[in-house]
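**Student:** The annotation site 'Important for substrate specificity' is assigned in TrEMBL to ARG14, THR77, GLN159. TrEMBL lists ASP76 with the feature active site, proton acceptor.
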Amino acid sequence: MTDKKLVLASQSPRRQQLLAQLGYQFAIQISDIDESVQQSEQAADYVVRLATEKAKAVFSTLSSFTQAQSLVLGSDTCVVINNAILGKPADLADCIYTLSLLSGKKHQVLTAIAVVTADKIVTKLVTTDVQFKVLSVAEMTAYWHTGEPQDKAGSYAIQGIGGQFVTSMTGSYSAVVGLPLYETAELLKTMGLPSAIQQN
Ligand SMILES: Cc1cn([C@H]2C[C@H](O)[C@@H](COP(=O)(O)OP(=O)(O)OP(=O)(O)O)O2)c(=O)[nH]c1=O
C-alpha cells in the first residue's frame, strides 16, 4: 500500500477517462495558466513547458502536508504542421484555416506529460504522425457545426467524428486523444506509483 496521492491537473474529460482506464484512483484539480506560445518557442518545448506549468500551478495550491504525499500530473497537446503550432480554434474561420492546413497532409501531434512532486519534476514528450485525407470546405464547415472541433487542438478529434479524416497514424493513439497510456503508466511507476497491474 502506498500513501501517495495522485492529482490530475486537467479539466479535459478525455484525460480523466484515460487516466481512469489505467486503474488509478485520483483527484482532479484545475489550474488556470497562460497558454500563449513564447517568441520563437519550438512546439516540443511549448508542450513540455505547458504540461509542467499546469502541474506546478495545481501543486502550488496544495498545503505543504498534502504536497509531501502528492504527485500532480499535467498534460498538454498541440498539433504541428510546417513548424506552425495549432491550438484550439477561435471560430469557424480559424477552424477552416487549421483544417485546410491539415487537408491531404501528414502532421504531428505532440503531447507532453509532467509529474510534479515535492522533490522532483519529470516530463515525457510523445510525438505521433497523423495523415489526413483531402477535406472540402463544405465538409470542414459541417464539421465545425457538429460542435466537436471547438475544444480540440488542431480543430479535430481522432476519437470522434473527425476520426474519418485520418487515413493513417504512426505513434500513440491515446496521446493524440490527450494522455499517452503507456508513457503515463511508466512515468508514474518510476515515481513510485505503479498502475493496478504493474509490479513495483
Ligand atoms: C488532436 C486531438 C486533440 N484532442 C484534445 C486533447 C486535449 O484535451 C485538447 C488540447 O487542449 P489542451 O490545452 O492540451 O488541454 P485541455 O484544455 O483540453 O485540458 P487541460 O489543459 O485542462 O488538461 O485537444 C482530442 O481530444 N482529440 C484529438 O484528436
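Placed from the backbone N, Cα and C atoms, the Cβ positions cover glycine too.
Because TrEMBL annotations are produced automatically, they should be read as predictions rather than curated entries.
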**Student:** Quick one: among the recorded sites THR77, GLN159, which has the most Cβ atoms sitting within 10 Å of its own Cβ?
**Tutor:** THR77
**Student:** Work through the recorded positions one by one (ASP76, THR77, GLN159) and name whichever has its CA nearest to the CA of ARG14 (site 'Important for substrate specificity').
**Tutor:** GLN159
**Student:** Only counting partners 6 or more residues apart, tell me which same-chain residues put their Cβ under 8 Å from the Cβ of the residue listed as 'active site, proton acceptor'.
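**Tutor:** Spatial neighbours, sequence-distant, of the residue listed as 'active site, proton acceptor': TYR46, VAL47, VAL48, LEU50, ALA51, LYS54, THR111, ALA112.
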**Student:** Please report the distance from the Cα of GLN159 (site 'Important for substrate specificity') to the Cα of THR77 (site 'Important for substrate specificity'), rounded to the nearest angstrom.
**Tutor:** 14
**Student:** Please give me the CB contact count at 10 A for ARG14 (site 'Important for substrate specificity'), counting all chains in the structure.
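**Tutor:** Within a 10 Å radius of the Cβ of ARG14 (site 'Important for substrate specificity') lie 20 other Cβ atoms.
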